[in-house]
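Below is one structure, written out as structure tokens, with a few remarks after it.
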Protein chains: 2
Amino acid sequence: MKRNTWQREAVREALDTSGGFISAQGLHSALHAGGSPIGLATVYRALSDLADQGEADSLQSPDGESLYRACTTTGHHHHLICRNCGLTVEIGADEVEAWAKRVAGEHGFTEAAHVVDVFGLCATCSATAR
Amino acid sequence: MKRNTWQREAVREALDTSGGFISAQGLHSALHAGGSPIGLATVYRALSDLADQGEADSLQSPDGESLYRACTTTGHHHHLICRNCGLTVEIGADEVEAWAKRVAGEHGFTEAAHVVDVFGLCATCSATAR
DNA sequence: ATGGTTTTGACAATCATTATCAATAACAGC
DNA sequence: GCTGTTATTGATAATGATTGTCAAAACCAT
């Protein structure tokens, strides 16, 4: 049976609060900074669970860390991420969905999954940059 | 000054031979299996160099390993990868290219880069799997 | 061949993540 | 509310990929 613990809730809330993508270690630090004595292993487990249940999205940062983010949209979607400030926009991508499936099919591939993420500079950071 | 060593050449050749994406550790094993006494650290360095020079493509597997592959097409392209045997098909993706640029623009993002890779089971592995 | 530098490679160090397992806490039923 | 069962926690060890270290070896212009 699944039980509700304050730790689970704390992770969920911390994720919501963070806004952008954050690493498991980062979340753990944030929670500790906020006075929570939650354990690192627990944070990893909670994030993994949330990701499995579709309540959180995960992706791999370019340097190999796993990053997590609270999912506002349920269901499959992709992200547009500001590489400077971390601002993230969730984007539906039926177009890409269809493309991925078609390309996979054309080459005889089955069980196609895909990784599609767009990194850039958001409007604010673009303006600041110059 | 950059020097040419047989190790560098061995890594380049092993990459060409492997055909698909392969991990640094995997390449090292393959080289050892072929009788080469090359060191693991050297393989990592060589791969990193090749990737920097654009002679190899690198991507992160879903479980966080860095995978490398000899680049046949110069210029921008994406990959369709068998998660079982590593077979890789290079695919141009004008469609996705246009989509990424458009979506980024719609949200005010500039300097859009994107990560687009499709993982699946190739025809052969699909057949074997059952 | 010689010398100055780069490169190598065995091994230690690091870093994120996962496994271990005894102690703890949730929940259902009384 | 109390109790027993059992999922969950968390400190720590283990793992596994990758990077740092540094003396020895290899490269190349001279």
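Using N, Cα and C of the backbone, Cβ positions are placed for all residues, glycine too.
Just one of B:GLU65, B:GLU90, B:GLU97, B:GLU106 is listed by TrEMBL for the same Fe cation site as B:HIS76, B:HIS114, and that one is B:GLU97. In the three-state DSSP assignment, the secondary structure recorded for B:GLU97 (Fe cation binding site) is helix.
Minimal Cβ crowding within 10 Å, among the binding-site residues B:CYS82, B:CYS85, B:CYS125, is found at B:CYS85. Those binding-site residues from the list B:HIS76, B:CYS85, B:GLU97 that have a Cβ under 8 Å from chain A Cβ atoms: none. Within 10 Å of the C-beta of B:GLU97 (Fe cation binding site) we count 15 further C-beta atoms, all protein chains included.
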